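> Below are the structure tokens for one structure; questions will follow.
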Amino acid sequence: MNCLFLFKSKKPRKQQKDNNKNKRKGKELLQNSAPELTNRSETSSFNLQTPRSLPSPRSIKDLYTEREQNLRVFSYEELSKATYVFSRKLVIGEGGFGIVYKGKILSNGDSSDPPLVVAIKKLNRQGLQGHKQWLAEVQFLGVVNHPNVVKLIGYCSEDGETGIERLLVYEYMSNRSLEDHLFPRRSHTLPWKKRLEIMLGAAEGLTYLHDLKVIYRDFKSSNVLLDDQFCPKLSDFGLAREGPDGDNTHVTTARVGTHGYAAPEYVQTGHLRLKSDVYSFGVVLYEIITGRRTIERNKPVAERRLLDWVKEYPADSQRFSMIVDPRLRNNYPAAGARSLAKLADLCLKKNDKERPTMEIVVERLKKIIEESDSEDYPMATTTTKESSQVRRRQVAKPEKQSLRGVSVRG
């Protein structure tokens, strides 16, 4: 990655004119392709600072009217230079509707400032759903502001001779995703406390979305990105949508997302609720407990589906320790792990009305972390023959899985 360089303009005045031209052109293209994005914001700013602090809005609709879309408009040429003409050597993520590159841009468009490392998502021109998701991310991430939601710096929208070009520019997340650390092919193991802290941050991000009456719809370990301090940030908002209004209990929508994480009521009926996200959160809680993916086809039949498998090892049973990630080498608090499994079980209730709100989940996680800090561990090692067999199967090499979406990770 040391080959990255930045193209600096020798004519600052000309560059400023070009930037202003790109800004006007980008806004015009958005007005033509998605007028709902620009009607809610009269200006797109080059300022990369977080939006000004405002009273807590009632919903995301209030944000659309109260805040400007604080986004920078890039030219295609600028982003092409930032990535060495979209070099394959700089690819950090790839999925069905686009590719993510690592690049460097001028900070605030000023060549005198140090370059800014970013993640650039380039939409696949053949992607049927990609353009709609691109618009959704520009619309949503242009106005939200939370430490546990990835920051969108800007976008590019050009219709040129080479065809339609749609790109998004995000802050760069140097520690990739929770998935990359939880299911590694190397020896590194994510410590127990760090797993809890990451899930707490992710829960606070979801709570923020739910306060805005936004349903994330795609919570999974690969969408929880980690910065250089391992602070978690939710990413990929192409599937997010506004929740129900008034007396409505749900919104009905096409069933999309990732198999294994979606709530049963959504899969069966297409009815989407805020607590559909809570279910997905429960799935990831079991992923951090077990160190297993929600679906692993290389396991014995009885163990291929994570949620079916863990039912055989209830949190209150003596056999529970058999499902805890063996890579932790017993360096986790026994009571804390059981409490976390019980919280996951609440999140996974079939009846969504019985699931806790994300606000309650946050409080429970804080309590579990506090109790875990006061508990002595490593816990006693299980030495039964059955436990050894389970653990040997757990450390088997995971199957290679392709990404369904594109994450902003490096």
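Note that Cβ sites are derived from N, Cα and C of the backbone, with glycine treated the same way.
In case it's useful when we look at the structure, here is the feature table from Swiss-Prot:
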LIPID     CYS3  S-palmitoyl cysteine
COMPBIAS  30-53  compositional bias 'Polar residues'
DOMAIN    86-369  domain 'Protein kinase'
BINDING   ILE92, GLY93, GLU94, GLY95, GLY96, PHE97, GLY98, ILE99, VAL100, LYS121  ATP binding site
MOD_RES   TYR170  phosphotyrosine
ACT_SITE  ASP218  active site, proton acceptor
MOD_RES   SER222  phosphoserine
MOD_RES   TYR266  phosphotyrosine
> Around GLU94 (ATP binding site), how many other CB atoms lie within 10 A of its CB?
15
> Between C-alpha atoms, which of these recorded positions comes nearest to TYR170 (phosphotyrosine): ILE92, GLU94, ASP218?
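Nearest listed residue in space: ILE92.
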> Helix, strand or coil: which one is GLU94 (ATP binding site) in, per DSSP?
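Going by the DSSP assignment, GLU94 (ATP binding site) falls within a strand, counted as strand.
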